[in-house]
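Pulled from TrEMBL:
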REGION    1-99  region 'Disordered'
COMPBIAS  23-40  compositional bias 'Basic and acidic residues'
COMPBIAS  49-60  compositional bias 'Basic and acidic residues'
COMPBIAS  62-74  compositional bias 'Polar residues'
COMPBIAS  83-93  compositional bias 'Pro residues'
TRANSMEM  124-147  transmembrane segment
DOMAIN    126-571  domain 'Major facilitator superfamily (MFS) profile'
TRANSMEM  162-180  transmembrane segment
TRANSMEM  192-218  transmembrane segment
TRANSMEM  224-245  transmembrane segment
TRANSMEM  252-276  transmembrane segment
TRANSMEM  282-302  transmembrane segment
TRANSMEM  360-382  transmembrane segment
TRANSMEM  402-426  transmembrane segment
TRANSMEM  453-474  transmembrane segment
TRANSMEM  486-507  transmembrane segment
TRANSMEM  544-567  transmembrane segment
Amino acid sequence: MAELEADEIALERSFSQSQRPTRNQDREIELQQRRGKEDANLDDGNNQGEDHLETKDGRECTNISNCAEEANSTSDERRQALIPPPNPAPASPGPSFQDLRATQTNLTTTLNKPYSVFTPGQKWFIVIFSALGAIFSPISTNIYVPAIPTLAKAFDTTTEKINLTVTIYLVFQALTPSLWGSAGDCYGRRPVFIVLLTIYLLSCIGTALCPTSAYWLLMLMRVLQASGGSALIAIGTGVVADIAMPHERGRYLGLFNLGTTVGPTLGPLLGGIFAFTLGWRSIFWFLCIFCACVLIPMIFFFPETLRALVGDGSIPPPLLNCTPAALMRRKRALKDLEERGENPQNLTSKRAKFKPLASFLLFLEPEIALMFTWASLYYAFWYAILTIFTTLLEDEYHVNEVIIGLCYLPGGVGAGISGFMTGRIMDVFYKKEKRRVGGDHRQRPDEFRLERVRFMILPYQVGMLLAATIGLAWSTTTHTHIAVPIVLNFFIGIGTGFLTTTTIYSIDLFTGQGGAVTATFNLIRCALGAVTTSTVQLIVNRMGAGWCFVLLGGICLLATPIPFILIKYGPRWRNMRRDRIEKKLARNDATHTHGPTAVDRDK
């Protein structure tokens, strides 16, 4: 775990130290301006009433235009003589700080260079295509749920066996991101993104062409679909962490999370329309065409963003990670860096090792374990109502597949609005706290109240989710007008903003491991989601829909103390982790400088 975090801590330490030279330069510029004004006033007083000028060697000059350049150089020399050295040596021994103006870091290649060289338009392009890729995982989970009876007849099997294809998809949806998320943190976002979309595309083609006599092939294709599509969320979240500073991360992740929240509600709508009009095979042909429309532009235009490979985006990526345009520019870019005396390997951090178990190791961190467990309970609660909503509408209101799909649409609209607005609101709170303490949570870790800032809107989100979900369950039980559950479904979508909040907070904790962090969250929430989807129907049959969701909501409320625990102990845990990593970095530096210590040799 410590090895995964070492690069991130080193980056934060160099970034915080880089503020000192910036303040020194500002003081030097101010001093130059003040003394320049004093020189100008002195020159005006000495030359008042005279018709001539003298050069620096005493010669008389009557032509002002000929002497202007020489006079300016004389004034400049006087000013330079008054300016003290930029970094005088300390008079007494004490802690020394590195002069980062002459040092290359993986944060910037020059002192005042931005965090990312991508323009706002390029960032939105990257985030939009990442979100389009990430939508395939949630949309494929239940897109063919409305067609399950049709599939059972077509394959001449039972509904339970067709439901098993949904369960196996959820299992691999939970497991495979752990592997691919670590691969994205190691080998780069772009190649892993393309490989995963290609696997997903081929599996959709295989499912669409699957003969009805081969049920085993249908199961295999669903496994490949989950393997290709489920990790796209983890990779996409890592992309956002690569290009966005903490104070702007909310707006980009808010847009990105539209896929994870809109997908589960959009899937049944599309599946119902295609199954009712064109047959069940058209569902997978649609997914195939949609995937190709995302994959082809991504091959040609989607850049590499992993900071361990391209730094702030200005470093030429490896050949495997180049777009066609970047491949043509690569030779020239490397030559320019060489002319400036910069080594691309020195401008980036050490590439993370490929560790498939990184997601499981992250769960050992107390903040990650507590926050993801809390959020996964509410995710399972939300997924339970998504699963049972189809049955409730069919049993209580006797509507067809198309109407059932349309009833899911308000939830998707609410989730989209919530994801977008949540990110914006979180950015506002973050900037306010940043102004209060004079820096972000990396520069001012002791003063910045990260948990309070990020959790400020959580009570409103989960409160709305609980109230709207329980209200929807009781409205169908009491046979109210169908408009009531439809409207409540919209507010359920609004309540799903807690997913965006949880993702942003976790990336703030482990920025350099965005893929592994999201894979960890995906593992836990999908595991709990699989439990609720497989048991919710049994509970409804015993207790009724209303009391079923009162029970599930009560289980969620039992976890209410967790955010308060994080607010109280989160800063302490972060400081302990930082101290642990700092000590390890110090030992490594000492080993490289002086050789192994006696303790190391004994080991």
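Glycine too: its Cβ is placed from the backbone N, Cα and C atoms.
What TrEMBL says about a protein is an automatic prediction, not a curated fact.
Remember, it's a predicted structure, so these values are computed and weren't measured experimentally.
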**OP:** Report, as numbers and ranges, which residues of the same chain sit near the transmembrane segment (224-245): CB under 8 Å and 6 or more residues beyond its ends.
**Re:** 115-116, 118, 123, 126-127, 130-131, 133-134, 136-138, 140, 168-174, 176-177, 179-181, 184-185, 189, 192-193, 196-204, 206-207, 252-253, 256, 259-260, 305-307, 313, 440, 503, 507, 511-519, 522, 526
**OP:** Look at every Cβ pair spanning the transmembrane segment (486-507) and the transmembrane segment (124-147), keep those 6 or more apart in sequence, and say whether at least 3 of them are under 8 Å.
**Re:** no
**OP:** Look over the recorded stretches 162-180, 282-302, 544-567 and say which has the most C-beta pairs under 8 A to the transmembrane segment (124-147).
**Re:** 282-302
Original post:
So which of 162-180, 192-218, 252-276, 402-426, 544-567 is most in touch with the transmembrane segment (453-474), counting Cβ pairs under 8 Å?
Top reply: 544-567
Subject >> Which of 162-180, 282-302, 360-382, 402-426, 544-567 contacts the transmembrane segment (192-218) most, counting Cβ pairs under 8 Å >> reply: 282-302
Original post:
Given the transmembrane segment (252-276), which of the listed stretches 282-302, 360-382, 402-426, 544-567 has the most Cβ pairs that are under 8 Å apart from it?
Top reply: 402-426
Original post:
Which residues, given as numbers and ranges, are at least 6 beyond the ends of the transmembrane segment (544-567) yet have a Cβ under 8 Å from it?
Top reply: 367, 370-371, 373-374, 377-378, 380-381, 384-385, 388, 392, 451-452, 455, 458, 462, 466, 469-470, 473-474, 476-478, 532, 536
Original post:
Quick one: mean pLDDT on the domain 'Major facilitator superfamily (MFS) profile' (126-571)?
Top reply: 86
